[in-house]
Amino acid sequence: MDFNVKKLASGAGLFFTRAVQFTEEKLGQAEKTELDAHFEKLMSRADCTKNWTEKMYRQTEVLLQPNPSARIEEFLYEKLDRKAPSRITNAELLGQYMQDAAKEFGPGTPYGSTLVKVGECERRLGAAEREFLQTSAISFLTPLRNFLEGDWRTISKERRLLENLRLDLDACKTRLKKAKVAEAKAAMAPDFQETRPRNYVLSASASALWSEEVEKAEHELRVAQTEFDRQAEVTRLLLEGISSTHVNHLRCLHEFVEAQAAYYKQCHLHMQELQQELGSCNEDVLPNAFALNSTHSMATAAFEAKGIGSPVETETLKIEEVQAPATGTRKAKVLYDYDAADSSELSLLADEVITVYTLPGMDSDWLIGERGNQKGKVPVTYLELLS
């Protein structure tokens, strides 16, 4: 118990000495040992690395898991050293809902069979997303977190220790300086005509005491300087290791980019396969005859049945030869007035309702509009399609 009390008292005294030295430095009443420019540059580089690594880590977490509640849950499981339960992705959940809906509507119906195909594609997209999340967490997030929670904590600890030893060193310098000033005053020879012999003896005794104090302060300064130099070298080596950290993070960044590229490529392939599968379906499976791509074959067949070639075989559309398809026409409300640029276009008045349809080979920004006996091309952006 006595040892603990002494240790506590010694620690309190050391803390007080450092606090006094720090305060005097801030007030400009004490000198401060400055680190060399290279060392300061290393510390600045380390601080910059830590700050940007932390920002990238946090934002990557948001990218991989946008749900803050889910991130908090994963954080708690990690702190409790327990494995987080497997979480289904949004795409997989959507795919499951689509397939369940197809069972209700009937998988044999056009809508139900399409839901089955799209739902399966969404589930594949969700599986690819889960694989991407796992790969990114291992190859990119984990190294960043290891730096912040491992290497950086060690660097911060050693830097705090260096700062404390620097305060101790400067306090020793201040103590030595004060002791030398006092020794010089005590060593001044007294005037024997005005000073009694007894005072001379006391002065000589004080001078000897201050000489001992100077020797003690010099010894403490040498010890403090040695400890400071040793700690400065340790801290310097750790700060120089930031270069290795950059190399490691560069490799992890390449792996993250490769994982992203593979994920998006896989998603693109899945969507292309889905488009081809849906495109191969007949009109009964895709009943939206107004879709530009899906009505081309039907309109062409109607023209061929009447012995008329495709109306868009030349650069100039021949309006007089255009015939509305048997199916696929829709009503549209005009949003703004439009003046026809030439005879192939139809002028429009706001709020009127016209009939519109598409033709194979037409620009997707245009439709054929009919108002009574008048017909011509109309811009899609001027229309509101009605169900």
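Every residue, even glycine, has its Cβ placed from backbone N, Cα and C.
For the ranges 15-42, 155-182, 267-294, the feature annotated in TrEMBL as coiled coil maps to 155-182. Sorting the domain 'SH3' (327-387) by DSSP state (H, G, I as helix; E, B as strand; all else coil) yields 3 helix, 28 strand, 30 coil.
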